[in-house]
Each structure stands twice: as C-alpha cells, then as structure tokens.
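Asker: Here's a structure for you.
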Amino acid sequence: MSMAEMRCPFSGHGAATTPASATTNQHWWPEQINLGLLHQHNPAANPLGSNFDYRQAFNSLDLNAVKADLMALMTDSQSWWPADWGHYGGLFIRMAWHSAGTYRLADGRGGAGHGNQRFAPLNSWPDNTNLDKARRLLWPIKAKYGSNLSWADLIILAGNCALESMGLPTAGFAGGREDIWEPEDDIYWGSETSWLSDERHDNDGAIESPLAATEMGLIYVNPEGPHGEPDPVASGREVRDTFARMGMNNEETVALVAGGHTFGKAHGAAPSAHLGADPEGAALEQLGLGWQNTYASGCGADTITSGIEGAWKPNPTRWDQGYFEMLFGYEWELHQSPAGAWQWHPKDVKAEHMIPDAHVPGRSAPPMMTTADLSLRFDPVYEPIARRFLGDPQAFGNAFAQAWFKLTHRDLGPRSCYLGADVPEAVMSWQDPLPTTSHPTIDAPAVDALKQELLNTGLSHGELISTAWASAASFRQSDRRGGANGARLRLQPQCNWELNNPEQLKRVLSVLEAVQMRFNQQHQGGMQVSLADLIVLSGSAAVEQAMAATGQRCRVRFTPGRVDASAEQTDNASFNALKPIADGFRNYLRSDLPLKAEQLLVDRAQQLHLSAPEMTALIGGFRVLGLNWDGSDIGVFTSRPGQFSNDFFVNLLDMSTQWSPVEGHSNLYQGIDTETKQPRWRASRVDLVFGSHAQLRAIAEVYGQAGGSARLAADFSAAWSKVMELDRFDLL
C-alpha cells in the first residue's frame, strides 16, 4: 500500500473523496431546506449525559462562595494577560454584555442563555476580540465548581460581580442557563461573507429582519460611526434602531451605553495588522486562543482590540458620574487612535481629568469618546435623558442596574426558570409575568366532564383545535416566550392577528369563557379552571374525537395548571414581536417575504422544538382535519375532511396525480388526475415539500404505507401534547 493510500481519511489531505474535503450537498443544492436545524444539540453530544439535571446541580451551589471567588479574581492580575489598572472588571463586563447583547427581539435568538460565546462564530467575531482571554481567566473558577455552574451562568455572574466590585449595586442575578455543546446553526447572523461588512441595509437604510447589529461581526453598531464615518447624529439613529431591535427603549439605551463605558478602556495600541488569526482559525498549539498580538509585549499597554484607544473617564474602576461629566463638560474634537480608528478627545483637558495609564507608571492620557458615545449628547432624543442622568446619580444608577438585569436575563424565560438566592422579588413586564393562584386545579373527573361539555358546545373540531394551536404555537424556544399559559390569545395584540382569524377566535373564546364561568361558579371555594387550560383541553378533546371517528383510539396527554394573565401583565409592543410572518402548519404565508414557505416552516418548527418526524406528523394531521387559517382546501388531500386519517400522505404519494404551479401564484399548485385530466387537489409549497424533499418524503412514506394510519395517530398525539406544554416550565 502506498503512502497516499495510507493517509487518514479525516485529515483533509490525500484522496479527493475524504470526508473533510468533500463537497457538501448544500453546495450542490443550496435551495434545499436544512432539516439539520431541527436536530441540533443531540443528547449524544452532551458529555454530562441525558440524565443530568442542571436545575438541581445549580441549586446545590454555594452561590456566595462562587461570588467571593469572582470578587477575588477581579484584582488577581495575571502576567499572561495583565488587568487594566489591576482590575479585570471592565473586561468581564464587556464579556457578559457581549454574551447577552446578541439577543434580538424579532426572533428571540441570540443572547446569553446557552453559553454560545464559546463557539463559532461568536467566539471569533471581531467585536469579541480578546474575550477568549476573559473566559480563560474564569477557567479556574469554572473548573472548581464543575457542572454545578454552567459557562452561560458564570459569564453573566462574572459581569455582575465586576459591577458590584466597582461600586454599583446590581438588581440581582438568576441562574438557570444551560450550556450547549456545539454551535447554534439556526441563528441567521446575516448574508455577508466578510467581517465588518454590511449588506443588511435596504435602500431606505432599514436593517434586514431579524438582524439587529449594523455590520457582520458587531454586537451593536460601529463605534466609529455608520460605516466608519464619525457623525454623532447619524450614529444616534443607528444606536436607537439597533437597541430597539434588541428590546431596549431610549432610557435603557442611554443608561446601558453610559453605564457600560463608566468602566475600563478600549484598546488600540497599534494597527490590527499585528493581530493573528481569531480563535477558530488559530494554530493548533494556541489551544483555542486567538488574536495573537505581535506588537511589542502583545498585552497590557500594547493590547489591540477594537482599535479605539483610551478610557472614557478618570477612575475607570469605580462607579460614578464621570462619564456624563466628561461628555457634557468638554467640547470634543476628532482624532485618530494609534491603530487609525476615529475617536474624539476633549479640548483643553484639565490636569485633574488626565487618566493614568492602565499599565505604565507616570504616563497619562486624556479621556476619549467614540462617535457612538457622542450620540448621547447630540441626538435630540438621547440628550435630555443623558442630562437628566447627569443631574440625578441615583436615577442613573437605578436605570443602569435595571437595564443590565433586563439585558442579561431577557432570554432566560419566565420567572419560573430563574434559579438561586439572588433572584429579585420585583416583577417586570418584559418577563411576561403570570399570576399566582391558591385554588386547586381541576382533577381527572373534572377533566373528563369538561371534555364532554366542550365537545357539546356546537363548536367544530376544527374551531377547537385551531384555537388551541393558535394559543400554544405562539411559543418560541429561542427566548422561551409565548405559549398557551396565560391565555394571552384572548388579549391584544394576539386576538387581532390575521393568522388567528379574529372573528372566529372571538366567537370560540366567548363559548369557552361561558364554560369556564359555569364551572367556576359551580365549584366556588374549590377547584377552578382557567381559560388557558380550557383552550388546550378543548383542542385535545377535539383531536381525540376526530381520531375516534376513524377508529383511532388515542388519549391525548393533558396536564392542568395553566393560569390566565391580565392585560396589565402583557406588554403589547413586546408581544407583537411574536406575531408570525408564516405558519406552514396552518398554510399561512405573508406575500411579501423573501424566503420560501418551506424554509419558514422549518424555522417555525425549530422554534417549536419539533423534530422532522414530529413536524411531518402534525402537517399531515392538520391537513386532513381542515385546519388552514382561512378555511381553504389547499393541502386538504382527503374526501373526509375533519376526520383523522393518513389520507394526506396516501394522496401526496399517489403517482396518478400530476402537479404544476398555478400561474400568477408563487405558493399555489394544482394537481390533476393523469388519466382524466380533471383537477384533484390544490397544494402549497409546504404541502408539496413532503413529497419533493428526499428526507421528508422518506418520513411521509412511513405514514403513507400499510400501518401508517395508526403510527400517524400516535405520533400526532405525542407531538400535539408536546407543543401544548412547551411553556409549562412549572412542570420542570
């Protein structure tokens, strides 16, 4: 055997057929949907095992001991990465901020909830330069507490401790963030193919949804100004848009920018040409550390990060009003840093405002501001807020503490997901709060009695099932928002979403509310039923009866205990971000979307934590039950709509039907009988993808073959119950 034949097949060298160098299917067929998005984070990839309970592990921690270790680390400067002014606080605040700051409101993705800063692409984003060192500084603490403390929680807790160590009382801390063990492939970070490039703005300057940052590889905006142009007013417009896309209002934005820049410094000792590859591209022997710096010592006073150089205020390791005092106390002139980045220096700086160098005794420098910082002074909306904070230190401190808590906890989910002794008692509207109840929930006999009453209301199976789905399927796993608990389907804005068929919804809910009122009046002082439970129970009962009509006997799991939220507990603007632009399960698609319907179906299924078989089973069941949002016959491949069967798959796979697109409709197809040439069915792209896509067709064949009907009923029932309980964090 030759040496070439003996080469390792995973090395990327040698034969053209080695796996590491092979051209992928996605290269050949880039338009094909990626079902891998539905099967991320396989339990087999988790070294802790499927039985590991992080909630239990975290609750066993001595949280005060962890915080004491973090406090000690703040001033334990290491020679391999020395702390600025002997304090790592600024570095850890940036690390925590950049972990949480990837969150965007539009789809709930990003954020601090999974420790994804450890993996590509975030670990190698230009805006995260040198945060690999921050995580390595934390490693001894992570190693000490092991699996009882996730990286995701440790990163945020380190930021909290950094703030407290420098004099800011925080609003609290909640644990509960479970680590992932591989990159998240479902997050769309943009279409750009080079760092710090911008192809996400349209001709009117709007950022492509769901993105929030202005350039590829940035957390927020370019600190030098839009596209590197040092224009504070234009920067203010970008800052406002970006922070709003991350769920922050104007006051929260000013507080966060000013509060974050109260500490630490920016680093731009020399041009970025001195930096080596990022962590993902670094040499093997660097063990995951990137941005090796060839300038002078490569660290300390010679550090290169953003290219901007300097601190914002005197005393960069203490919480005070210095940021605003500098911002409004001077006129500012444009300069370039040693790295060539645009930044601003004060005119005629006073001697007492010169800032001692972070590492070199006897050397000092004036304060600096970025273009984005100056937007707080020159933007007409931000300026009065900033001046108010300048004159009211307590208001500034409180606003920053609350905004920081929101920033770092936004994607953790409802308060029932919060762990630890430092969880604040205060309830915030952005947490989508739910009321507490003291009455007992309905028991099994009551459930059975209510089922019969609900089925006898005169409402159709389709009306009951579609209402339950509309309630539960608002859930998104990205930030654990939405879902059936709270019955917010009856409140603004959800009750008026086009997808939810408002007129039908109003009629169905009025009937269910009457059932609820009768039951609760009959059981005063005892068990009570919430509308949230009734919505789910009615849909589940209708599913069971539709299955029974075709001989399928399935018991749909139902667990009571949901509560009803009030309008006062519901932030309309925030909840409107959950409004679906497409729902393939109900054959709903807005006409102005650039993505194909089948791509949006996979995205929706991923947010509902569904596998490809679960998604397939639900689609097949929904079609024969006639659950299209508008009542159309599109995809209803059955002669007995409303009865549960595997007809959708049987007829989809029938070779005697020939399909062709309907002229003038991008999402509509006509199926004709190949013999008679008569129309048979109409279908959407979502319907036909289950016969077109090889993997989905393979699953569809299982449901369309002999024995498929019983399997479909069981799988549909399980998937339905799963979706109905996605937001039941109280059951954890």
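Using the three backbone atoms N, Cα and C, a Cβ is placed for every residue, glycine included.
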Asker: Under Swiss-Prot, the annotation region 'Disordered' belongs to which of these stretches: 1-21, 358-378, 547-567, 589-609?
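Answerer: Result: 1-21 is the stretch Swiss-Prot calls region 'Disordered'.
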Asker: Using a 10 Å cut-off on CB atoms, tell me which of the recorded positions Arg94, His98, His261 is the least crowded.
Answerer: His98
Asker: Which whole-number value in Å describes the distance between the Cα atoms of Arg94 (site 'Transition state stabilizer') and His261 (heme b binding site)?
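Answerer: With distance taken Cα to Cα, His261 (heme b binding site) is 10 Å from Arg94 (site 'Transition state stabilizer').
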Asker: Measuring Cα to Cα, tell me the gap between His261 (heme b binding site) and His98 (active site, proton acceptor) in whole angstrom.
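Answerer: About 13 Å separates the two Cα atoms.
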Asker: So, in DSSP terms, is His98 (active site, proton acceptor) helix, strand, or coil?
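Answerer: Helix, per DSSP.
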